[in-house]
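Trainee: I have a structure I would like to understand better, so I am pasting it below and will then ask my questions one at a time.
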Amino acid sequence: MQIRNSVLGLCLTLGAVVASPAANALTVYTAGPAGLAKQLADDFKKSTGITVDVFQADTGKVMARLEAEAGNPRADIVISASWDSALDLDKRGWLLPYVSPNAATVPAAYKGPSYVAQGLSALAIVWNTQSGTPRPKDWNDLTQPAFKDKVNMPDPAQSGTALELLSGLQAAQNDTAWKLFSALKANGMAIAGPNAQAMNPVLQGAKAAVFGAVDYVALGSQASGEAIEVIFPSSGTVIAARPMMILKSSKAAADAKRFIDFVLSNEGQARVAATFLVPARTDVPSRRPSVKDIKALPAENDADRAGRQALLERFSTLYQRK
Amino acid sequence: MEAATRTTATRPAATQPKATRPTATRTTAIRASFGLTGATIAALAVLVALPLAFVFLQAIFPALAQGRFTEPFGHLGRTLGDPALLELTLNTLKLGACVVALAALIGIPLGTLRGLFNVPFARVWDVVLLVPFMIPPYIAALGWIMLLQPRGYVQQLVGVHAGPLLFSFGGVVFVMTLNVLPVVYFAVSRGMAASGSRLADVGRVCGGGAWRCFWRISLPLATPGIAASLLLVFAMAIEEYGTPAALAANAGFFVLVTGIERRFSEWPIDLPGASTLSLILVALAMLAFMFQRRLMRGRTFETATGKPIDVELRALGPWRLPVTALFALVALVATVAPLCAIVATAFSRTLSGGLALSNLSWVHFRAIAQTGGDAMQALGTSLALGLGAALLTGVLGLLVAYCVVKTRTRGRVLLDALAMLPNTLPGIVVGVGLILAWNQKWWPATPYNTWGILLLAYCCLLLPYPVRYAQAALQQIGDSLEAAARVHGAGAVTALVRILLPLLAPSLLAAMLLVFAVASRELVASLLLAPTGVQTVSLFIWRQFEQGSVGQGMAMSVVTVLVTTSLMLTVTLWTQRRAAR
């Protein structure tokens, strides 16, 4: 009898869990930074009374969930760490055109008809100051014998930002960039998973530097006392914007627009700045080197972006990735 | 060991209705038996078959996620034509085989000693050897990295590092084996304790030497448990993502799971490709499953006859000290070493500060306390989900095992296979399968986007543990017991609850504890399925890491391991006290 009751219980439990989340809530899918989305959601609720349900994961998981849900989309707003995903979703016609009035001071490069940057980060060399290696100033310095087997790079296949760096370097320098990649390979540079996985060995000192780490995470670690320095290479680096977009399938488009406005408001941008990201709006102060202080590589054109798959394959072959 | 076919001929009447004239009681028994099987099949269909079917469909129809059945097999050529595929498959097999071999090499002797002999501090070893299971594999891998990499804790303490050794195929096998060791250890020790001792004693009385009795009686009798646990280990090894990704990717060693993960995270997302690779994984596991069934076929392992079991464990004599040392060594390597690295990191203000008194700090624990209850809420959610998964899989596992071992229901092999499958599916694949299955518009109600979907995912992923453990135990229980109950008028359900369940309880409880431990720290499926606004422990930790706060992540791991361990200790002590009464 007990067993039959348990089976019954199982069925009941399965039935009971079908409760639906709060009606009228706004659903936001976002890729990092961890606390930011939650804070923005809380602030937004305080000022508008609209509940925001947040799903947070890395860009890959966010996109995988979007893709798997394509038949019955759930998200209203997507915040990605990779500009490419915005361009691609736009090309597929999934995005709702919207230009926020608060986006006026967002540079043209970081907004489009249906997407706008939430904030920006730059790719940098993160160097362990106690590693006994000379302080690197540019990407090339990491090919020096002092850095033999002591450099990590996030895997461009897993880290969207690392791929942007790869692509930006190739677009700007072409063959010179490939000489750099080959020299780094010859110097024993390791490809180490997503961003955090590349960084930890540098914190402990197993490696001396990361080639192309996301700067805001490292700046945060530095602020909490880690012996590292975030160095923006003299020859230029890639500025990675984190796009926000509204899905066309959203049933709460009006609220979604308000949320985008809110993130781009003074209050929202201050929250963004607090995480060591560069605010998307140029008229909001940032607590770190701003885009003006970082030498940026020239922006890529559509052809450069289109060639990324081939680029990734060439890089993967060079580093024998499967 | 006589052929099993003999025994089949004398199965209880309930499953052979034509052999005898059904009486009223028997008819009820038959109905109950059918009802039981039916309910089990229905539950498995929801839990396992449904998401798996969608993965299968996704592999065939590339546009399934968009709700279209166009271009069937459109993707197959490209995925299967990839020259890397063969290498990934062979690497996966190699990894699975090596982990199984090493886990058997360590787990079987340890489990045997624990099951048959009076090992000093036996209870302590049981708890300590369960801990690796409560440490999420990616945390354990990270712990080992921080321990052994250049300038890691070991080098800081004694001046040597083992970086090249760790970041290699061997390193992956080593770390993974330590992670899955509890599976073999507990299956073997419980199996041996339940059966091996008494019959081996008979062997001794009849003049057999100690070793001879072990090889001819104890070991063969424990084979179901050993084979079942090794199958689980194989499935876990080929399914695990974190360890190979963290340790072997650098050495250029890639497996199917890393390939699947890549297709899921590399833009553009390749759902059909990932699904196809998953099906290859499933096929590998099916081969292992069939191999295990072949191995077990034609043997019976019935040893539990209902007579009082002689629980007296033999004395170790002069071997007391070496055996204790062996247990201590394994516990040190499998549990203490990674745990030390985790604790050290949790208490270090900064990672670059290293092991220094001045670097010692509570700051990370304080930061967790300051999250405004977020951390505690995550812990509560994870524990509740772990408990729910343990109970549900426990009941279901028992039912599946019963239907497969004790009834002659047609399709029970299918049932068995279905219950095994999820363990071979990487968490992310189950996650996608569940989204595809439950996010359809035509469901009148759906658990998707509630905590219910996480429960479904954990139950699906972890069902194989109770099934395997209960099956191994059931195979050792003689049919005569149940038949006796039936003769006295008990129906199938009563017999199951009153006779079989008490005999199965130790194995089932061990399996449920494993489920609880694994479910309360599962990451990959949670990462994809977590409903908006719900946070689990693993997600909390992972977000800390992503944020660069390794110390906070490790502090949360310490808290979690402490809480889960004490919870499980309480349960174990409570059941032991009950059993003793």
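Backbone N, Cα and C atoms are what each Cβ position is placed from, and that goes for glycine too.
Grabbed the feature section from TrEMBL, which reads as follows:
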type	residues	note
REGION	B:1-25	region 'Disordered'
TRANSMEM	B:36-61	transmembrane segment
DOMAIN	B:89-292	domain 'ABC transmembrane type-1'
TRANSMEM	B:93-112	transmembrane segment
TRANSMEM	B:124-145	transmembrane segment
TRANSMEM	B:165-188	transmembrane segment
TRANSMEM	B:219-238	transmembrane segment
TRANSMEM	B:271-291	transmembrane segment
TRANSMEM	B:323-347	transmembrane segment
DOMAIN	B:379-573	domain 'ABC transmembrane type-1'
TRANSMEM	B:383-405	transmembrane segment
TRANSMEM	B:417-438	transmembrane segment
TRANSMEM	B:450-467	transmembrane segment
TRANSMEM	B:495-517	transmembrane segment
TRANSMEM	B:554-575	transmembrane segment
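Describe the structural context of each listed feature in the structure shown, including burial, neighbouring residues and relevant distances.
Mentor: Long-range Cβ contacts of the transmembrane segment (B:93-112) within its own chain (Cβ-Cβ under 8 Å, at least 6 residues beyond either end) map to 129, 169, 172-174, 176-177, 180-181, 183-189, 191-192, 196, 214, 218-219, 222, 226, 229-230, 233-234, 237-238, 244, 255, 284, 288, 326-327, 330.
Sequence-distant contacts of the transmembrane segment (B:124-145), counting only residues of its own chain at least 6 positions beyond either end whose CB sits under 8 Å from a CB of the stretch, comprise 110, 114, 152, 166, 171, 175-176, 178-179, 181-182, 185-186, 189, 240, 242-243, 246-247, 327, 330-331, 334-339, 341-342, 345, 513-514, 517-518, 520-521, 523, 538, 541, 550, 553-554, 557, 560-561, 564-565, 568-569, 572.
Counting same-chain residues at least six beyond the ends of the transmembrane segment (B:323-347), those with a Cβ under 8 angstroms from any Cβ of the stretch are 106, 110, 113, 117, 119-121, 125, 128-129, 131-132, 135, 139-140, 143-144, 146-147, 152-153, 178, 181, 316, 355, 360-362, 364-365, 550-551, 554-555, 557-558, 561.
Beyond the transmembrane segment (B:495-517), the same-chain residues lying 6 or more positions past its ends with a Cβ under 8 Å from any Cβ of the stretch are 36, 130, 133-134, 182-183, 186-187, 190-191, 193-194, 304, 306, 386-387, 389-391, 393-394, 397-398, 402, 406, 458, 462, 465-466, 468-470, 472-474, 477, 481-482, 485-486, 564, 568, 571-572, 575.
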Trainee: Could you tell me what the rest of the chain brings near the transmembrane segment (B:417-438), counting residues at least six beyond its ends with Cβ under 8 Å?
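Mentor: For the transmembrane segment (B:417-438), the sequence-distant neighbours (Cβ-Cβ under 8 Å, at least 6 residues beyond its ends) are 44, 48-55, 57-58, 64-65, 231-232, 235-236, 238-239, 241, 257, 260-261, 264, 271, 274-275, 278, 281-282, 284-286, 289, 397, 400, 404, 446-448, 453, 456-457, 460-464, 467-468, 522-529.
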Trainee: Count, for each of B:165-188, B:271-291, B:383-405, the Cβ pairs lying under 8 Å from the transmembrane segment (B:450-467), and report the range with the highest count.
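Mentor: Most Cβ pairs under 8 Å with the transmembrane segment (B:450-467) come from B:383-405.
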Trainee: In the same chain, which residue numbers or ranges, 6 or more beyond the ends of the transmembrane segment (B:383-405), come under 8 angstroms Cβ to Cβ?
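Mentor: Distant contacts of the transmembrane segment (B:383-405): 36-37, 39-40, 43-44, 47, 412-413, 415-416, 419, 451, 454-455, 458-459, 462-463, 465-467, 469-471, 473-475, 496, 500-501, 504, 508, 511-513, 515-517, 519-520, 536, 563-564, 567.
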